[in-house]
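Beneath this line is the structure, given in structure tokens, with notes to follow.
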């Protein structure tokens, strides 16, 4: 039986509720492995994983590397600065070169939306999207979902408020797709200048007030203000942004008493979140990091083990 019929993980779009549940269940098993004294398995022994990062990353690249090594894979890291990359042709040339090395999986992070899908069309191995421009970041959404499910026991019928720089966030897009697929109620809270056009068509409720948007929320997911992606005046000032859209202890009171506080990292303390909240009892930010390794272990094992289990879809969805 083919439990996960996809060859690649390019995005959440294209995954069914069953696909997502399968990956989360598999990740739950990986958590147990990560908490053992002996963490290394031989599941992917003899297989090769190449991490190809065109954007600088610390936590995501380290998480993918650790995931592969805990499964026994041979892991190779390639960091390529965007200054030396001519998008498109160079990506294809790089793909051809790496494909000739016969890896089993390529993990790619790139500043251009669609880069992972393009790579998947050019190579014979599996491709995992570690973030492509403002498009998607599927493993982040999966690790967020795992964190929520382990804390709340479910994903359906919970209220999740995604707050901050939604416009520039691939994390927000992937989380919206996943949470909607799993039956959650999703809100976005942000100034109009930080919301993409047509956001309401994604099946979310839109709020411009933190107090209103957080009312009765089960989860408060803060997003980093991505000033490096801003070419114009999206916010009057950082100070004013924090005043209206930063999460501090007082603002958090609008949510449920047991609401989870999440952040994909890296955090801008004092910009979108106060230290008292980030380090407070409702924060599960550290748990998100732990779940990231487990989710990426689950994805690697699922894609590589499923290669010999029958036909799989080739679409960009997954």
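Each Cβ is built from the backbone N, Cα and C atoms, and glycine gets one as well.
The carbamoyl phosphate binding site feature in Swiss-Prot is assigned to 59, 60, 109, 137, 140, 265, 266; the stated evidence is sequence analysis. DSSP assigns residue 137 (carbamoyl phosphate binding site) to coil, not to a helix or a strand. Within its own chain, residue 137 (carbamoyl phosphate binding site) has 129, 130, 131, 170, 171, 173, 174, 264 as residues 6 or more apart in sequence whose C-beta sits under 8 angstroms from its own.
Neighbour count (other Cβ atoms within 10 Å of the Cβ, all protein chains): 20 for residue 224 (L-aspartate binding site). Among the features that Swiss-Prot reports, L-aspartate binding site is placed at 87, 170, 224, with the record citing sequence analysis.
In the three-state DSSP reading, residue 224 (L-aspartate binding site) counts as coil.
Taking a C-beta cut-off of under 8 angstroms and a sequence separation of 6 or more, residue 109 (carbamoyl phosphate binding site) has the following same-chain neighbours: 52, 53, 54, 55, 57, 60, 61, 129, 130, 131, 132. You'll find the Cα of residue 265 (carbamoyl phosphate binding site) roughly 7 Å from the Cα of residue 224 (L-aspartate binding site). In this view, the densest Cβ surroundings among the binding-site residues 59, 170 belong to 170, judged by other Cβ atoms lying within 10 Å. Among the record's carbamoyl phosphate binders, 59, 60, 109, 137, 140, 265, 266, no two C-alpha atoms are more than 16 Å apart, and one pair sits at exactly that spread. Residue 59 (carbamoyl phosphate binding site) and residue 224 (L-aspartate binding site) have their C-alpha atoms 15 Å apart, to the nearest angstrom.
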